[in-house]
């Protein structure tokens, strides 16, 4: 009487929130790099004084990097088609991108209360 044991291993993606949390940490720790126009190309770390510049080691494979700062979406910039957030409607109770604390970029916001009377065609 022989017995057989089977072991199966697999990889599974984490929950979506965990992926988002990890990406946020990487985004917050991203490093600016400059593209080199030399033989072999490559990327080097930015903001290094010219006198101290040496060939910087390449960023780690799992390091999030960027070439230029993101535009400021709070203020209008017609050159790149950003309208800004001034005079836009926001949602005080939202947890999303339309939340007033986020959308208004710390400038504060006005609360507008409206009272409407509408016909509801109700039947009693």
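Note that Cβ sites are derived from N, Cα and C of the backbone, with glycine treated the same way.
As recorded in Swiss-Prot:
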- 1: O-palmitoleoyl serine (LIPID)
- 40-61: region 'Disordered' (REGION)
- 90-105: disulfide bond (DISULFID)
- 91: N-linked glycosylation site (CARBOHYD)
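Here the Cα atom of residue 105 (disulfide bond) is found 14 Å from that of residue 91 (N-linked glycosylation site). Non-local contacts of residue 91 (N-linked glycosylation site) by the CB criterion (under 8 A, 6+ apart in sequence, same chain) comprise 98, 99, 100.
Taking a C-beta cut-off of under 8 Å and a sequence gap of six or more, residue 90 (disulfide bond) has these contacts in its own chain: 98, 99, 100, 103, 104, 109. There are 14 other Cβ atoms within 10 Å of the Cβ belonging to residue 105 (disulfide bond).
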